[in-house]
Amino acid sequence: MVHLIERSVLSQAYFSKDHVARHQFESYNNFLEYNLQTVVDEQRVIETDIEHRGKNNEAVWVELGKIRVEKPIVREADGSQSELYPTEARLRNLNYAAPMILEMTLCQGEERYDPIETTIGQLPVMIGSKACNLHGLSDDERVERGEDRLDSGGYFIVNGTERVLMSLEDLASNKIMTEYTERYNEQIHVSKVFSQYRGYRALVVVEKNKKNLLDVSFPSVAGHLRFADLMRSLGLETDSDVVMAVSHDEDILTYMMQNLEAAECSSVEEGVMYVGKKLAPNQTKEYQKKRAEFVLDNYLLPHLNYLISPSVKEGDDGYEEMLINVRLAKAHFLGRMAEACFHLALKKRKTDDKDHYSNKRLKLAGDLMEDLFRISLNRLTRDVKYQLERASMRHRDLSIQTAVRADVLTERLLHPLATGNWVGGRTGVSQLLDRVDHMSVISHLRRVISPLSRSQPHFEARDLHPTQWGRICPSETPEGPNCGLVKNFAQLVEVSKGVHDEEEIKNVLFSIGVEPIGGELR
Amino acid sequence: MPSPKRIGKLDFGLLSPKDVRKMSVCKVIWPDTYDDDGFPYTKGLMDPSLGVIDPGLRCKTCGQKSGDCPGHFGHIDLAKPVIHVGYTRLIRKLLRVTCRACGRLLLEPQEIDKFSALGDDPFSADVVSEKDIKKERVCPHCTEQQLKVNFEKPTTFMEAWTEDGRKTEHKLTPADIRARLERIPDEDLKILGIDASVARPEWTILTVLSVPPVTMRPSIILENGQRSEDDLTHKLVDIIRINQRFKENQDAGAPQLIIEDLWELLQYHVTTYMDNEVAGCPPARHRSGRPLKTLSQRLKGKDGRFRGSLSGKRVNFSARTVISPDPNLSVSELGIPLAIANEMSVPIRVTRENIEELRSMILVGPERPTLRDPCGANYAIRPDNRRLRLHGGSGLLDNREMVAAMIEPGWTVDRQLRDGDIVLFNRQPSLHRMSIMSHRIKLMDDRTFRLNPAVCPPYNADFDGDEMNMHVPQTEEARAEASLLASVQENILSPRFGGPIIGGIHDHISGIFLLTHELRWFTKPEVLYLLKHANIEFLPKPGKIEDGIPYWSNKQVFSMILPRGLNMVYRATSCTNCPECKKELCERDAYVRIIDGDHISGTIDKKSVGAFEGAIMNRIIRTHGLKRAREYIDDMTKLSIRSIMFIGFTFGIDDEDLSRTEYGQIRDLLDEAELDVEKRIRIYKNGQLEPMPGRTAEETLEMQIMQVLGKARDRTGDIAGSHLGLGNSAVVMAVSGARGSMLNLTQMAGCIGQQSVRGERIVRGYEGRTLPHFKKYDQGAGAHGFIRNSYKSGISPTEFFFHAIGGREGLVDTAVRTSQSGYLQRRLINALQDLKVAYDGTVRTTGGRIIQFKYGEDGTDPTKSAFGDPVDVKGIVESVLKEEV
């Protein structure tokens with residue numbers, strides 16, 4: 001039994017104002033510290049189509065380096081800059097945003113110019129986050145700067161209005177889920193994966209039909225592909241390889257026999273051609289092969305592409321080998337999906353409960369900002385490319401400073417935050433902070449919304465699920481059409497944010513006896 | 001005003017190019033609207049002959065002022081024909097069923113004869129469908145080989161054929177299509193259900209575009225003095241601009257490619273002008289990126305012309321505010337705030353007889369200061385329909401005396417509302433006719449509408465912040481209809497079930513129950529206190545006199561509000577349906593007997609006076625009429641409120657307390673039930689459970705557990721109920737039917753019981769268990785949502801969570817249900833709104849088609865029926881015999 005006094009210490013720790021918006025801070029700070037740089041690294045270079053420049057018509061590109069975020073500032077009409085505090089931003093209808101500074105290097109052929117640091121735009125800063133001017137200040141210091149000592153922060157200020165980013169609840173990606181569906185009065189066992197990689201989301205489905213044959217479907221393939229032939233195309237040469245990738249189980253072996261009998265390909269090349277024929281009928285063999293490989297590498301289970309290390313470029317040594325390994329990994333993943341499918345059919349596994357909270361993932365402020373920044377940075381690079389090309393056409397000197405128009409990025413970051421229309425067409429992501437009273441502020445900062453449509457019944461999704469214990473408040477949900485779809489965090493919720501050091505996890509796994517398979521060797 | 005005309009017949013057809021030109025007053029050729037001086041260009045889109053929108057100007061065509069001139073159509077001559085998007089499906093059908101060379105229907109001549117023999121019957125229209133005609137074959141009339149016609153959204157038609165094994169397609173231009181449609185003979189069209197005299201198919205391809213009058217696309221002037229044009233004008237500008245360019249290119253002999261591009265562009269603009277939401281066509285946008293609202297968007301949807309402007313309109317003479325209860329009002333009255341009464345008005349014609357009265361009203365003016373002041377007037381209307389707004393106060397605008405001196409017979413005065421005026425009162429959703437009823441108003445202080453709580457059931461209103469609307473009828477006919485058809489009194493009986501929908505609720509029932517239960521005696525002051533607000537003229541002879549003091553029994557008190565000649569025998573809500581009825585000797589006093597308006601025995605409760613049931617109300621309506629019934633309801637509600645105040649009625653947390661013995665009993669009982677559940681689970685696990693027919697063993701187990709636990713919960717209720725008697729207010733409410741049930745009491749004092757989701761115990765959650773607080777695969781009561789605590793004793797965290805799960809289901813259910821029922825209601829109303837009972841007793845549509853030969857198939861008016869039956873035989877016999885049958 002916890003002693004009474006100790007309990008009060010505990011509750012202090014949990015119910016303090018720092019706890020109210022902690023998930024918001026942690027997520028946003030994580031974005032500032034790691035993911036911002038990750039997104040820049042994904043982009044890495046801005047390539048241009050500049051020709052006829054320099055001596056040997058050498059290609060011109062820009063390499064992106066380190067990005068850092070400064071503290072929020074305000075730029076006056078006379079050009080002077082000063083530190084900006086939230087209260088001033090609120091009163092003067094300003095944006096509480098800090099300049100982002102990116103290291104960029106212009107390259108031409110072999111020549112590398114000096115790296116240049118440029119402001120690429122203003123990043124909206126969450127009140128109380130590490131980038132905020134209030135960070136690290138004591139209560140009294142905050143009061144001095146016009147803040148309420150009880151204000152929890154965790155929101156943004158855009159044009160003087162306080163905007164909160166809603167936490168979005170979504171089905172977990174990269175996780176195999178099984179379910180039954182019905183087609184033409186036939187019961188079909190299905191295993192699904194929402195494979196997500198760098199903002200790209202692809203649904204991969206493996207289904208077992210009445211004849212026990214497996215079909216795989218994924219984006220860019222019309223209809224579906226035969227499982228065994230697809231496995232073959234991913235580099236599993238022999239029948240036993242294919243079977244072993246699925247299971248050693250005897251019952252499943254019989255199923256696999258049926259599948260292998262229905263297969264038409266007996267080598268990797270044939271498999272690739274089978275896929276190519278499906279993708280691009282009536283085309284040349286070479287094109288089909290190229291197309292098939294491209295689709296297998298990019299659209300099938302894209303989340304496994306994290307295995308492609310970014311340091312190895314196309315054409316380098318070991319690149320081909322790496323691709324082969326990734327395909328093998330994909331084959332093994334498909335095998336796991338097939339196994340799940342068979343297990344469901346054999347009643348060794350139940351359908352996954354989509355409302356189970358372990359099957360949910362939360363998209364917090366940081367993740368949303370990351371999505372936004374990725375698209376915006378992409379736009380910026382296109383603009384930079386265009387500006388450089390234009391400068392080149394007019395035979396001006398190429399200069400990064402003039403090519404980067406900071407407003408492009410700033411506008412793209414602020415507008416969604418101001419309207420709530422996020423990238424990907426989602427609306428209501430940012431909302432005006434409810435300042436009716438202190439309780440409503442706390443509640444608003446801890447709100448979770450589900451992307452399910454409010455016009456359909458969705459009885460099961462609206463139910464209070466026992467796994468929400470300790471995570472989602474059982475009592476607080478609106479009445480009316482949003483009932484059960486809009487939720488609020490429980491008092492003691494902790495939102496985990498994943499790890500950055502994957503090697504460590506792998507080592508732990510290996511140390512407890514996990515054996516690596518084909519593609520995941522490295 | 002022009003005399004009203006009767007519409008004899010309507011013909012629906014297409015506008016022919018000739019029609020368009022005939023009704024056009026101006027050929028529009030310039031894409032510009034106003035010049036720099038702000039004058040409209042002639043032959044531009046704002047040509048003055050198209051109508052006037054600027055006040056003060058006169059129409060060039062009809063000479064009327066803005067507001068009177070309806071506007072006039074113009075036209076644009078299109079450089080090349082374009083397809084009207086609204087008719088693409090018709091065009092596709094016609095292209096597929098007719099010959100590409102001769103235009104005849106692709107049917108053998110004898111088949112054509114067969115269909116045309118069906119001839120003139122208007123209902124057999126559209127006999128030939130696309131399916132009747134086989135695709136790709138040779139025309140029976142001219143032996144031309146037919147090609148497949150493909151259609152691509154929004155407006156592209158292609159002919160497809162196979163040439164040496166390869167599929168080839170070629171696009172049909174609107175001109176080609178028009179030429180083909182022109183060839184279709186009138187007789188063939190008739191078979192397709194098209195009347196060629198009003199709708200030649202080639203008119204679906206536009207060669208000339210009608211330009212709507214400026215009155216339907218007025219330009220507005222923004223605050224900064226800039227003109228902002230209507231979306232339609234913008235779209236027309238685009239069309240004219242492209243049309244001009246097209247013409248120029250055509251005349252200059254531009255290459256085919258450019259012509260085709262322009263043609264497609266023109267087609268796009270005309271398409272989006274008609275409908276800016278066509279599939280396969282990017283919507284035309286305003287400069288700001290907002291999609292334009294073009295013709296189809298004006299008509300479609302909830303805020304469109306049909307649903308928004310024609311079926312539904314905004315009204316004047318209406319008020320809306322929060323409602324609150326006032327039990328001292330009659331059910332037919334409505335308390336309205338002074339502020340509303342001062343704003344609303346009733347037009348009164350000035351005659352010789354009332355001129356002085358109206359004059360005094362005008363002198364009061366629009367600002368009646370207090371409730372007690374005589375009502376004032378807001379407007380005086382001259383015989384030429386000019387309105388004079390009255391101004392009060394002492395300012396310069398004060399025109400009261402001047403107007404008062406001016407009025408004479410022939411004027412009309414808009415008088416403010418005063419006590420006794422009739423108004424319509426409404427609460428949304430208006431699901432049945434009792435959602436709008438007329439009341440007589442009573443001016444009151446404060447700012448809410450006041451109504452007697454007994455009229456809440458028909459409106460489905462409560463006082464948790466509900467708002468309601470009031471409408472003031474403006475004509476004598478409207479007032480007559482409101483009072484004769486829509487008054488509360490006329491609507492006591494519901495056509496839904498043929499019983500009274502208005503009656504006592506909540507405290508009315510508790511109060512009358514407390515008053516009439518068993519026998520008690522009141523002294524004269526007490527009786528007078530109880531009946532103070534009831535409309536009673538004299539006291540009957542006292543029931544007994546003790547020590548020289550007269551006493552009246554409670555049943556006598558109640559009898560005083562009953563009409564004479566009322567005979568009833570029935571059983572009250574508190575009756576438990578004992579196998580053998582002890583009649584008058586019932587220990588629950590549930591056997592009600594009323595003879596000749598004297599309440600002899602039994603307790604008056606929900607069955608007697610409640611809304612929806614109200615046996616006494618029902619009988620009074622049948623025997624004494626609606627007016628007497630309303631008086632009875634007024635008296636009854638007032639008597640019951642006085643009774644409950646006299647006797648006293650409270651409920652507190654300690655009213656749920658039981659004694660130690662009961663708590664012990666409840667604990668033992670629940671322990672026993674949980675053990676029973678354990679036992680059954682063991683039996684199931686051993687595989688010894690006998691499954692019930694049609695169920696698996698698991699389902700059987702679940703059912704048994706639910707049953708055992710349900711029974712246990714009920715028994716705790718019995719234990720609690722046996723401890724709590726009629727001295728407990730919750731019991732009184734439950735027994736009398738006023739509010740709540742014994743189940744609620746059980747949950748408060750005994751045991752909350754099993755929580756369920758969709759009729760099952762709570763089964764979802766982690767693997768093998770609902771919550772991590774339980775062992776895996778524990779099927780026991782507590783692990784699946786059984787709450788053994790009561791609301792009084794307090795519930796454990798897991799129980800609380802299960803309760804939240806069960807409670808959430810209810811919330812979701814109500815939310816989903818309300819939206820669904822609203823839509824269902826809309827569909828029902830749309831389907832039934834035009835049906836009526838004709839003079840021959842049949843139910844017919846407006847077209848005269850018979851739906852029912854006799855209304856309701858028994859010809860009975862449900863309001864006049866006895867809870868659905870045409871004749872209440874039992875009631876009649878009982879009232880004659882004065883005995884139960």
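Backbone N, Cα and C atoms are what each Cβ position is placed from, and that goes for glycine too.
A quick note: this is a predicted structure, and the numbers were derived from the prediction, not measured.
In the three-state DSSP scheme, B:CYS69 (Zn(2+) 1 binding site) falls into the coil class. Taken from TrEMBL, the feature Zn(2+) 1 binding site applies to B:CYS59, B:CYS62, B:CYS69, B:HIS72.
Taking the Cβ of B:CYS102 (Zn(2+) 2 binding site) as centre and 10 Å as the limit, one finds 15 other Cβ atoms among all the protein chains shown. Per TrEMBL, the feature Zn(2+) 2 binding site maps to B:CYS99, B:CYS102, B:CYS139, B:CYS142.
Per TrEMBL, the feature Mg(2+) binding site maps to B:ASP462, B:ASP464, B:ASP466. According to DSSP, B:ASP462 (Mg(2+) binding site) is assigned to coil rather than to any helix or strand. Listed in sequence order, B:CYS456 are the same-chain residues six or more apart from B:ASP462 (Mg(2+) binding site) with CB atoms under 8 A from its CB.
Among the features that TrEMBL reports, domain 'RNA polymerase N-terminal' is placed at B:202-516.
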(request) Express the distance between the Cα positions of B:CYS62 (Zn(2+) 1 binding site) and B:ASP464 (Mg(2+) binding site) as a whole number of Å. (result) 57
(request) Have a look at the binding-site residues B:CYS59, B:CYS69, B:HIS72, B:ASP464 and say which one has the shortest Cα distance to B:CYS99 (Zn(2+) 2 binding site). (result) B:HIS72
(request) Starting from the Zn(2+) 1 site formed by B:CYS59, B:CYS62, B:CYS69, B:HIS72, give every other residue of that chain whose CB sits within 8 Å of the mean position of their CB atoms, in sequence order. (result) B:SER49, B:GLY51, B:VAL52, B:LYS60, B:THR61, B:GLY63, B:GLN64, B:PRO70, B:GLY71, B:PRO213
(request) Can you grab the distance from B:ASP466 (Mg(2+) binding site) over to B:CYS142 (Zn(2+) 2 binding site)? Cα atoms, rounded to a whole Å. (result) 74
(message) Return the residues near B:CYS59 (Zn(2+) 1 binding site) by Cβ distance under 8 Å, restricted to its own chain and a separation of at least 6 in sequence.
(response) B:PRO48, B:SER49, B:GLY51, B:VAL52, B:LYS65, B:SER66, B:CYS69, B:HIS72
(request) Round to the nearest Å and give the CA-to-CA distance linking B:CYS102 (Zn(2+) 2 binding site) with B:ASP464 (Mg(2+) binding site). (result) 73
(request) Enumerate the residues of the same chain, B:CYS99, B:CYS102, B:CYS139, B:CYS142 excluded, that satisfy the criterion Cβ within 8 A of the mean position of the Cβ atoms of the recorded Zn(2+) 2 site; list them in sequence order. (result) B:ARG100, B:ALA101, B:GLY103, B:ARG104, B:LEU106, B:PRO140, B:HIS141, B:THR143, B:GLU144
(request) List nothing but the one residue from B:CYS62, B:CYS69, B:CYS99, B:CYS139 whose Cβ has the fewest other Cβ atoms within 10 Å; the candidates are the binding-site residues. (result) B:CYS62
(message) Comparing the binding-site residues B:HIS72, B:CYS142, B:ASP464, B:ASP466, which residue's C-beta has the most other C-beta atoms within 10 angstroms in this structure?
(response) B:HIS72
(request) With H, G and I counted as helix, E and B as strand and the rest as coil, say where DSSP puts B:CYS102 (Zn(2+) 2 binding site). (result) coil
(request) Summarise the model's confidence over the domain 'RNA polymerase N-terminal' (B:202-516) as a mean pLDDT value. (result) 90
